[in-house]
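Here is what Swiss-Prot records for this protein:
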{"type": "BINDING", "residues": "Gln37, Leu38, Arg39, Glu40, Lys41, Asn69, Ser108, Lys137", "note": "4-amino-2-methyl-5-(diphosphooxymethyl)pyrimidine binding site"}
{"type": "BINDING", "residues": "Asp70, Asp89", "note": "Mg(2+) binding site"}
Amino acid sequence: MAVDYSLYLVTDRILVGPKDFLLSIRKALEGGVTLLQLREKETNSREFYDIGVKVKELAAEFGVPLIINDRVDLALALDADGVHVGQQDLPLAKVRNIIGPDKILGYSVSSLEEALQGERMGADYLGAGPVFPTGSKKDAAEAIGLAKLKEIKAGVSLPVVGIGGIGAANLRAVKETGIDGVSVISAILSQEDPCAAAKGLMDLWRN
(Lines of atoms letter the chains of each structure in order from A and count residues from 1; the text may use other names and numbers.)
(Lines give C-alpha, C1' and ligand atoms only; values in the text may rest on other atoms or scores of the structure.)
Protein backbone atom coordinates (compact mmCIF):
# COMPACT_ATOMS: atom_id res chain seq x y z
CA MET A 1 0.00 0.00 0.00
CA ALA A 2 1.35 3.41 -1.01
CA VAL A 3 1.08 5.67 2.03
CA ASP A 4 1.28 9.46 2.11
CA TYR A 5 2.82 10.35 5.47
CA SER A 6 2.72 14.14 4.91
CA LEU A 7 0.10 15.02 7.53
CA TYR A 8 -0.52 12.29 10.09
CA LEU A 9 -3.25 13.03 12.63
CA VAL A 10 -3.25 11.22 15.97
CA THR A 11 -6.61 11.39 17.74
CA ASP A 12 -7.27 12.49 21.30
CA ARG A 13 -10.89 12.19 22.43
CA ILE A 14 -10.13 13.78 25.81
CA LEU A 15 -8.68 16.85 24.12
CA VAL A 16 -11.66 17.28 21.80
CA GLY A 17 -14.45 15.89 23.97
CA PRO A 18 -16.64 12.89 23.04
CA LYS A 19 -19.40 15.09 21.62
CA ASP A 20 -17.24 16.77 18.97
CA PHE A 21 -14.81 13.92 18.35
CA LEU A 22 -16.12 12.49 15.07
CA LEU A 23 -16.96 15.92 13.69
CA SER A 24 -13.43 17.14 14.42
CA ILE A 25 -11.95 14.12 12.64
CA ARG A 26 -14.23 14.67 9.64
CA LYS A 27 -13.15 18.31 9.43
CA ALA A 28 -9.49 17.35 9.71
CA LEU A 29 -9.92 14.84 6.88
CA GLU A 30 -11.68 17.48 4.80
CA GLY A 31 -8.67 19.71 5.42
CA GLY A 32 -6.26 17.22 3.90
CA VAL A 33 -5.01 14.85 6.61
CA THR A 34 -3.27 11.99 4.76
CA LEU A 35 -2.98 9.39 7.53
CA LEU A 36 -5.02 8.83 10.69
CA GLN A 37 -4.13 7.09 13.94
CA LEU A 38 -6.78 6.18 16.51
CA ARG A 39 -5.20 6.50 19.94
CA GLU A 40 -7.46 5.73 22.90
CA LYS A 41 -5.47 5.22 26.09
CA GLU A 42 -8.30 5.96 28.51
CA THR A 43 -11.03 3.58 27.34
CA ASN A 44 -11.98 -0.09 27.52
CA SER A 45 -11.78 -2.53 24.62
CA ARG A 46 -15.49 -2.45 23.73
CA GLU A 47 -15.67 1.32 23.70
CA PHE A 48 -12.45 1.50 21.66
CA TYR A 49 -13.94 -0.95 19.15
CA ASP A 50 -17.22 0.96 18.85
CA ILE A 51 -15.35 4.23 18.30
CA GLY A 52 -13.02 2.48 15.87
CA VAL A 53 -15.88 1.29 13.66
CA LYS A 54 -17.08 4.88 13.21
CA VAL A 55 -13.60 6.30 12.69
CA LYS A 56 -12.80 3.61 10.13
CA GLU A 57 -15.92 4.53 8.15
CA LEU A 58 -14.82 8.16 8.14
CA ALA A 59 -11.27 7.32 7.07
CA ALA A 60 -12.56 5.07 4.28
CA GLU A 61 -14.86 7.83 3.04
CA PHE A 62 -11.81 10.03 2.47
CA GLY A 63 -9.51 7.23 1.28
CA VAL A 64 -7.17 7.74 4.23
CA PRO A 65 -5.49 4.72 5.90
CA LEU A 66 -6.41 4.08 9.55
CA ILE A 67 -3.70 3.06 12.01
CA ILE A 68 -4.52 1.79 15.51
CA ASN A 69 -2.22 2.80 18.35
CA ASP A 70 -0.82 -0.03 20.44
CA ARG A 71 -3.84 -2.38 20.36
CA VAL A 72 -2.93 -5.12 17.92
CA ASP A 73 -6.07 -7.07 18.82
CA LEU A 74 -8.33 -4.16 17.96
CA ALA A 75 -6.41 -3.38 14.78
CA LEU A 76 -7.24 -6.91 13.63
CA ALA A 77 -10.83 -6.82 14.91
CA LEU A 78 -11.44 -3.57 13.03
CA ASP A 79 -9.44 -4.73 9.99
CA ALA A 80 -7.60 -1.42 10.19
CA ASP A 81 -4.85 -0.64 7.71
CA GLY A 82 -2.14 -0.95 10.34
CA VAL A 83 -0.93 -0.59 13.89
CA HIS A 84 1.58 1.67 15.63
CA VAL A 85 3.57 0.43 18.61
CA GLY A 86 6.09 1.98 20.96
CA GLN A 87 9.14 0.87 22.89
CA GLN A 88 7.05 -0.47 25.78
CA ASP A 89 4.53 -2.38 23.65
CA LEU A 90 4.73 -5.89 22.16
CA PRO A 91 8.04 -6.65 20.42
CA LEU A 92 7.97 -5.40 16.85
CA ALA A 93 8.76 -8.77 15.27
CA LYS A 94 5.89 -10.38 17.21
CA VAL A 95 3.51 -7.68 16.04
CA ARG A 96 4.57 -8.27 12.44
CA ASN A 97 3.95 -12.01 12.87
CA ILE A 98 0.46 -11.32 14.20
CA ILE A 99 -0.68 -8.73 11.66
CA GLY A 100 0.98 -10.32 8.63
CA PRO A 101 3.05 -8.76 5.85
CA ASP A 102 0.41 -6.49 4.31
CA LYS A 103 -0.62 -4.27 7.22
CA ILE A 104 1.23 -1.02 7.92
CA LEU A 105 3.47 -1.28 10.98
CA GLY A 106 4.70 1.89 12.67
CA TYR A 107 7.27 2.14 15.45
CA SER A 108 8.05 4.96 17.88
CA VAL A 109 11.74 5.85 18.20
CA SER A 110 13.80 8.56 19.85
CA SER A 111 17.31 7.61 18.69
CA LEU A 112 19.13 6.29 15.64
CA GLU A 113 19.80 3.04 17.50
CA GLU A 114 16.07 2.47 18.02
CA ALA A 115 15.38 3.46 14.42
CA LEU A 116 17.85 0.91 13.07
CA GLN A 117 16.31 -1.73 15.33
CA GLY A 118 12.87 -0.87 13.97
CA GLU A 119 14.14 -1.16 10.40
CA ARG A 120 15.66 -4.58 11.11
CA MET A 121 12.54 -5.89 12.82
CA GLY A 122 10.06 -5.10 10.07
CA ALA A 123 8.63 -1.62 10.63
CA ASP A 124 7.14 0.15 7.61
CA TYR A 125 7.68 3.63 9.02
CA LEU A 126 9.12 5.31 12.10
CA GLY A 127 7.55 7.94 14.33
CA ALA A 128 10.54 9.90 15.65
CA GLY A 129 10.31 12.20 18.63
CA PRO A 130 9.23 14.00 20.58
CA VAL A 131 10.89 16.60 18.34
CA PHE A 132 9.87 19.45 20.65
CA PRO A 133 8.37 19.51 24.16
CA THR A 134 4.69 18.56 24.00
CA GLY A 135 1.72 18.71 26.32
CA SER A 136 -0.35 16.19 24.35
CA LYS A 137 1.34 13.12 25.86
CA LYS A 138 1.66 12.86 29.63
CA ASP A 139 4.45 10.29 29.38
CA ALA A 140 6.43 12.02 26.63
CA ALA A 141 10.20 11.65 26.82
CA GLU A 142 12.71 14.49 26.58
CA ALA A 143 12.62 16.31 23.24
CA ILE A 144 15.16 15.03 20.70
CA GLY A 145 15.43 18.25 18.64
CA LEU A 146 15.92 18.80 14.92
CA ALA A 147 19.53 17.61 14.71
CA LYS A 148 18.71 14.16 16.06
CA LEU A 149 15.60 13.97 13.86
CA LYS A 150 17.80 14.66 10.83
CA GLU A 151 20.28 12.01 12.00
CA ILE A 152 17.52 9.42 12.31
CA LYS A 153 16.18 10.19 8.83
CA ALA A 154 19.66 10.03 7.28
CA GLY A 155 20.45 6.73 8.99
CA VAL A 156 17.52 4.62 7.79
CA SER A 157 15.80 3.86 4.52
CA LEU A 158 12.29 3.81 6.02
CA PRO A 159 9.87 6.74 5.93
CA VAL A 160 10.25 8.89 9.05
CA VAL A 161 7.49 10.99 10.58
CA GLY A 162 8.31 13.66 13.14
CA ILE A 163 6.07 13.83 16.20
CA GLY A 164 5.84 16.01 19.27
CA GLY A 165 5.24 19.73 19.60
CA ILE A 166 4.96 20.29 15.84
CA GLY A 167 2.70 23.03 14.53
CA ALA A 168 2.45 25.83 11.99
CA ALA A 169 5.23 27.85 13.63
CA ASN A 170 7.93 25.18 13.29
CA LEU A 171 6.72 22.88 10.52
CA ARG A 172 9.01 24.31 7.84
CA ALA A 173 12.07 23.79 10.03
CA VAL A 174 10.98 20.22 10.70
CA LYS A 175 10.50 19.53 6.99
CA GLU A 176 14.02 20.76 6.26
CA THR A 177 15.40 17.72 8.13
CA GLY A 178 14.29 15.62 5.14
CA ILE A 179 11.59 13.62 6.91
CA ASP A 180 8.53 12.25 5.14
CA GLY A 181 5.77 13.82 7.20
CA VAL A 182 4.63 15.28 10.49
CA SER A 183 2.37 13.77 13.11
CA VAL A 184 0.18 16.17 15.04
CA ILE A 185 -2.55 16.20 17.66
CA SER A 186 -3.22 19.64 19.13
CA ALA A 187 -2.05 21.53 16.02
CA ILE A 188 -5.31 20.36 14.45
CA LEU A 189 -7.63 19.12 17.19
CA SER A 190 -7.11 22.04 19.59
CA GLN A 191 -7.87 24.59 16.90
CA GLU A 192 -11.25 26.25 16.50
CA ASP A 193 -11.48 25.04 12.89
CA PRO A 194 -9.72 21.67 12.39
CA CYS A 195 -10.35 21.82 8.64
CA ALA A 196 -8.62 25.19 8.26
CA ALA A 197 -5.82 24.07 10.58
CA ALA A 198 -5.18 20.94 8.51
CA LYS A 199 -5.27 22.93 5.26
CA GLY A 200 -2.79 25.42 6.68
CA LEU A 201 -0.38 22.68 7.73
CA MET A 202 -0.64 20.98 4.33
CA ASP A 203 0.03 24.27 2.56
CA LEU A 204 3.16 24.75 4.67
CA TRP A 205 4.27 21.18 3.99
CA ARG A 206 3.78 21.35 0.23
CA ASN A 207 5.17 24.82 -0.37
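A Cβ is built for glycine as well, from the same backbone N, Cα and C atoms used for every other residue.
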Just name the most isolated of the binding-site residues Asp70, Asp89, going by other Cβ atoms within 10 Å of its Cβ.
Asp89
Asp89 (Mg(2+) binding site) and Asn69 (4-amino-2-methyl-5-(diphosphooxymethyl)pyrimidine binding site), Cα-Cα, nearest whole angstrom:
10
Using a Cβ-Cβ cut-off under 8 angstroms and a sequence gap of six or more, which residues of the chain neighbour Gln37 (4-amino-2-methyl-5-(diphosphooxymethyl)pyrimidine binding site)?
Tyr8, Leu9, Val10, Thr11, Leu66, Ile67, Ile68, Asn69, His84, Gly106, Ser183
Report, as a single number, how many Cβ atoms besides its own are within 10 Å of the Cβ of Ser108 (4-amino-2-methyl-5-(diphosphooxymethyl)pyrimidine binding site).
24
Can you tell which of Arg39, Lys41 has the least company, meaning the fewest other C-beta atoms within 10 angstroms of its C-beta, among these binding-site residues?
Lys41
Between Lys41 (4-amino-2-methyl-5-(diphosphooxymethyl)pyrimidine binding site) and Asp70 (Mg(2+) binding site), what is the CA-CA distance rounded to a whole number of Å?
9
Cα-Cα separation of Arg39 (4-amino-2-methyl-5-(diphosphooxymethyl)pyrimidine binding site) and Asp89 (Mg(2+) binding site), in Å?
14
Per residue, counting other C-beta atoms within 10 angstroms of the C-beta, which of the binding-site residues Leu38, Glu40, Asn69 reaches the highest number?
Leu38
Write down the Cα-Cα distance for Asp70 (Mg(2+) binding site) and Glu40 (4-amino-2-methyl-5-(diphosphooxymethyl)pyrimidine binding site), rounded and given in Å.
9
In DSSP terms, helix, strand or coil for Leu38 (4-amino-2-methyl-5-(diphosphooxymethyl)pyrimidine binding site)?
strand
Please state whether DSSP places Asn69 (4-amino-2-methyl-5-(diphosphooxymethyl)pyrimidine binding site) in a helix, a strand or coil.
strand
Roughly how many Å separate the Cα of Ser108 (4-amino-2-methyl-5-(diphosphooxymethyl)pyrimidine binding site) from that of Asp89 (Mg(2+) binding site), to the nearest whole number?
10
